[in-house]
Amino acid sequence: MDDVLIAISHMKTSQPAGQRAHKLSTMVLKSFSSLIIADQKRRLAEVFPDPVRKEWNKWELRGLVLVSLALQIALTCSGNRRKYIAKRRIRIFIWSAYLMADWVATVALGLLVDRQGNSSSSGNIKNGYGDLTLMAFWAPFLLLHLGGPDTITAYALADNELWLRHLLGLLVQTAAAIYITLLAWNNTLLSFLTIPMLLCGIIKYGERTWVLMSANRDKFRDSLLAKRDPGPSYAKFMEEYSLKEAEGYHVTAAQLEEGQSLGEDPEHATGAIPSFPNPNAEILHFAYYFFKTLKFKRLFVDLILGFHPRDESQSFFEKQEYDTAFEVIEVELGFAYDIFYTKAPIIYTPFGLFFRLMTTFITLFVLLIFIASVGMKSPKHLIVDVVITCLLLIGAILLEAYAATSLFISDRANLWFSQMSSKIPLFSHLALSRQSFKRRKRWSNSMYQYSLLDFCLNQKSSALQKISRFIPLHRRIENLGGKWVSIRQLKHLNVSPELKSFIFKHFREKSVDTKLDIKILFTCRGGFSLGTHKSHDIFKYTVDVDFDHSILIWHIATDLCYNLEKSKRSKISDRNETEQEWDHHMTHSKQLADYMLYILVMCPFMLPIGIGMIRFRDTCAEAHVFFKERSTASKVEAYEMLGQVSTKVFPAIVKGDRSKSVLFEACKLASSLKEINDPGEMWKMVGNVWVEILGYAASQCRGYEHAQQLEKGGELLTHVWLLMAHLGITEHFKVKEGHGRVKLAVT
């Protein structure tokens, strides 16, 4: 404060009044802020004893570097597992490691900059922090860690949209690493070894930034756009037409199909699916052909495909069985996952392979030179710092080895070996031996199940919810509690081969029926199946409503009919053969009903815009009141009581439009379904309705949202979406047979 008083007395004699007032206020603020910061530091020092602070300063940087290495190992080993594991715990683990990895490496680099700057200003390279010369050698490894593993570059698609942020990070962190190297430079062998490791770090970080940029939605879409096509020159054509006509010729315009020349048979204008050299890897070849050659990857950014890819794909899938069709789709979605979430776009290129070999050999070379020159018992360096440096080098090599192994056993590698087998005999034997391995899991092959009535029966008012009513923001707390209960209510179910076959046969039958308008196939939401069973007029009120309204009605009705049927069977010891024939339809209907409610509640962004959550909450509220008033003792009793409610008067007439509950509309539907004399026919109709609802939801969801679900283990909805596209049941194809090509015919 004495300095401030001296400065004030100086300003009074040498500066004008206004300028003195401004500088005086600035100086006072700076003085008070410095006093506050000094006071905070003093209080912090009082909390931790001096020996503790010294030990913390000594091990802070070392701990951060080791944690950064551990996070890289965790991400490398588990980053790709979320592709085929749908469990939340693995996603939470990967999410935590993904966010912490960048943060820890960045903080460690900042700490290195700070300590190197302090040591260079004081001229002391060995202080309480350790050997800063050797620690400066860690900067390239932190840059390497910021580059991330090959198995995960983006946790979600939103990370690809932030590629500019990563580009800025690349520039800033590279500058920081170079700055650290220059400050610690002392013309020793260790300083020179830092240069090749810096190169490896820049390559790794640059690869990640480039992949994020290429997987960005706008960049990815631009890369798939065809060259601009102005079409035939109309002005030139008409000049020639008028000239020939003026010469007295009879001129006509002979129209040709696109891609057809004179004398070509229109029936053979489209290309055929090629044959592949290795029949054991046909699945990989077909998947790559559809995804890459026929450009089905355009669907992920909502681009239109031509009619040639549609015809080729449709002719292939209509001849296949369900297992082959779904396996081809699995491989295609695996290729899409690699593009959006890993370094595959650059790894499987000549430059990528060259960079892999170069970084591996450089790291191995540096490790050998370091051990030979420095050794484990060097008097110049602390043993703990030498050990950490060796761990960083060995860890980098092991991570590269793991990445190379993953690369070697990937579908892309199997595809390449199969393609080269016709040229190199050694690769032929290798490809055959690789096909004998157990097929790798490519997605979770599972779907979540969510039952509205089970949720209402299991939902109990806890003491925390009662207390939260008296707490500010109690509604937010209640919503979080409801979300947690919903998550605990979810059940995980494997997608059975029978369900896949049921879905595939439904869409294949519609695809081969030439009498059907293709637009009906992906816009109907159950009405077509109801019409087939001559029940459309009876159940019209369940499909001619909002889509979320229809899902809730059919879900509750299916759940009621299923559980009441199970209850009836439990009271009967024998089951005849007729009942066993339609058991599959009943099971499939129940599974799809619970799955579509999961999509409505947990993934509403995959459905058309609506008020699904409002209807769901109001329906749950009405069901909760119904069960509470009747004090049901068991689940079976609750279902039976709900099924006994009379619905002669339409519920909407009684309830009005304020509440969006559809509980008793669903009860009315369930009563109508039970009145059908043939239960087998009834369950077949319900199953077909659910497949139509599934197909409509899949076709209405944008490709970007389907791609987003790949990092969560995949969704059955996404597989159905791509299956429908391959069968031509989508609006992402040109409707017409291409624009016309004409040639003058002069007679």
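Including glycine, each Cβ sits where the backbone N, Cα and C put it.
A TrEMBL annotation is a machine prediction, not a hand-curated record.
In TrEMBL, the feature transmembrane segment is placed on 188-206, out of the ranges 188-206, 283-301, 682-700. Within the chain carrying the transmembrane segment (133-155), a Cβ under 8 angstroms from the stretch's Cβ atoms is held by residues 61, 65, 68-69, 71-72, 75-76, 79-80, 94-95, 98-99, 101-102, 105-106, 108-109, 112, 115-116, 125, 169-170, 173-174, 176-177, 180-181, 183-184, 186, 188, 190, 193-194, 197-198, 200-208, 211-212, 215, 340-344, 347, 381-382, 385-386, 388-389, 392, 396, 399, 403, 406-407, 711, all 6 or more beyond its ends. Per-residue confidence over the domain 'DUF4220' (95-455) averages out at a pLDDT of 84.
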